[in-house]
Amino acid sequence: MANYFNTLNLRQQLAQLGKCRFMGRDEFADGASYLQGKKVVIVGCGAQGLNQGLNMRDSGLDIAYALRKEAIAEKRASWRKATENGFKVGTYEELIPQADLVVNLTPDKQHSDVVRSVQPLMKDGAALGYSHGFNIVEVGEQIRKDITVVMVAPKCPGTEVREEYKRGFGVPTLIAVHPENDPKGEGMAIAKAWAAATGGHRAGVLESSFVAEVKSDLMGEQTILCGMLQAGSLLCFDKLVEEGTDPAYAEKLIQYGWETITEALKQGGITLMMDRLSNPAKLRAYALSEQLKTIMAPLFQKHMDDIISGEFSSGMMADWANDDKKLLTWREETGKTAFETAPQYEGKIGEQEYFDKGVLMIAMVKAGVELAFETMVDSGIIEESAYYESLHELPLIANTIARKRLYEMNVVISDTAEYGNYLFSYACVPLLKAFMTEIQPGDLGKAIAEGAVDNAQLRDVNEAIRGHAIEKVGQKLRGYMTDMKRIAVAG
């Protein structure tokens, strides 16, 4: 199989990369009705599989889970989760032939095997659904021409998909129809009904393409969402300890600091995050972020280039074939870092203290978000897609670090995201070594003293922060998410 994106000519590539339309709420007036009375079979019962299924059932759809024979016979976790929640469970052979929509929610590396198994069993004219387009775009999976291929991609972990639905809300979602597989022209109707059944229409839906979703998703998770948080955690912890900070305090400042400062990001973008700082600290954070952007821009561009060309995917798939040797080695090495093994701090850190003593961390967030956004847009990805894959998901990933440090982040994210995270962080840490030697008192671990600032300089910095394209598109998109649940910040 050939990488689908690389089979397209330049005009087709640009058209698919740039496909992005914010859909009106009136387009979802029919809710999930298009799928009501039809049989939906989900393959895989992980975080996305279970939680999407729960939402879809609560929206009135007929949901069942198809699992491998051995998973059922051995009563594995997937079987237990599905049966404990009252779902019908059966083998591929028992359930797939009757399905009107088969939703493949297994991990990326299993997609080819799953599709190879279910496709011969699918009835003529059925639909195949994904929540990530890697198998179609990067692997180049060929699907029977009578089958409609659609995608509904919630921009949150599966647990959040469920929690927001239970609150009567939802999470922002991308939907798409594979242009090579829409024989009856019903792909968009299926995708809209599926998105409505998960609650995504209440938080905003982007009509996208498989290509745009994959390329932007890979870029976001490798750089700002996971790679920058991992590199920043390791660099900042080592710097604090080197400067004499108690390792336990340093660990807590970083572990919970990302979550606390990105909660402001979630509610009001980079503008609000920077407004939590004193004027002198804001000017310093801005200056640091500009330095970081200059240093890291080539690394961000390399990741985007390797994603566009398929170099990243081919390298990762080679590691799949080698029993994940690189991935598992990197995972083990990360678990042995000083940050991961530091003792816990039992004292309290106030919310504002995370901002006041985390100026460098704020600068890293600002630089990473803006660089990821800018690099995606420069590559032909529309601003709305770039926003969701950079700024929007960051607080959710930061929340995983607050639970159990980098270990938890790497457990929760997909293996694809984890592999890309290590590629980025292993390159970023040495890249920023020299920069870290120039850190001043007040940048990290100590607050910058209050003092006078130049009015004109402060005005210019405020205008630069608020005038960035991600702030403009973010203000519009956050307007659809006014009911977002607030992440509890640590003490």
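Just so you know, glycine gets a Cβ as well, placed from its N, Cα and C.
Per Swiss-Prot, the feature active site maps to H132. In the three-state DSSP scheme, H132 (active site) is classed as coil.
The NADP(+) binding site annotation in Swiss-Prot covers C45, G46, A47, Q48, R68, R76, S78, D108, K109, Q110, G158 and rests on sequence analysis. Of all Cβ atoms in the shown protein chains, 22 besides its own fall within 10 Å of the Cβ of G158 (NADP(+) binding site).
DSSP assigns E393 (Mg(2+) 2 binding site) to coil in the three-state reduction, placing it in neither a helix nor a strand. Neighbour count (other Cβ atoms within 10 Å of the Cβ, all protein chains): 25 for E393 (Mg(2+) 2 binding site). Per Swiss-Prot, Mg(2+) 2 binding site is recorded for D217, E389, E393, and the stated evidence type is sequence analysis.
The Mg(2+) 1 binding site annotation in Swiss-Prot covers D217, E221. In sequence order, G227, E389, I413, S414, T416, A417, G420, N421 make up the list of same-chain residues 6 or more apart from E221 (Mg(2+) 1 binding site) whose Cβ falls under 8 Å from its Cβ.
DSSP gives S414 (substrate binding site) a coil state; it is part of no helix or strand. As annotated by Swiss-Prot, substrate binding site applies to S414.
Taken from Swiss-Prot, the feature domain 'KARI N-terminal Rossmann' applies to 15-208.
Residues or ranges marked as domain 'KARI C-terminal knotted 1' in Swiss-Prot (evidence: sequence analysis): 209-344.
Feature annotation from Swiss-Prot assigns domain 'KARI C-terminal knotted 2' to 345-484; the stated evidence is sequence analysis.
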Cα proximity to E393 (Mg(2+) 2 binding site), best match among binding-site residues C45, A47, R68, S78, K109: A47
Site of maximum Cβ density within 10 Å, from binding-site residues C45, A47: C45
H132 (active site) versus S78 (NADP(+) binding site) - Cα distance in angstrom: 20
Euclidean distance between Cα atoms of H132 (active site) and A47 (NADP(+) binding site), Å: 14
Tally of residues which DSSP labels helix, strand or coil - the domain 'KARI C-terminal knotted 1' (209-344): 118 helix, 0 strand, 18 coil
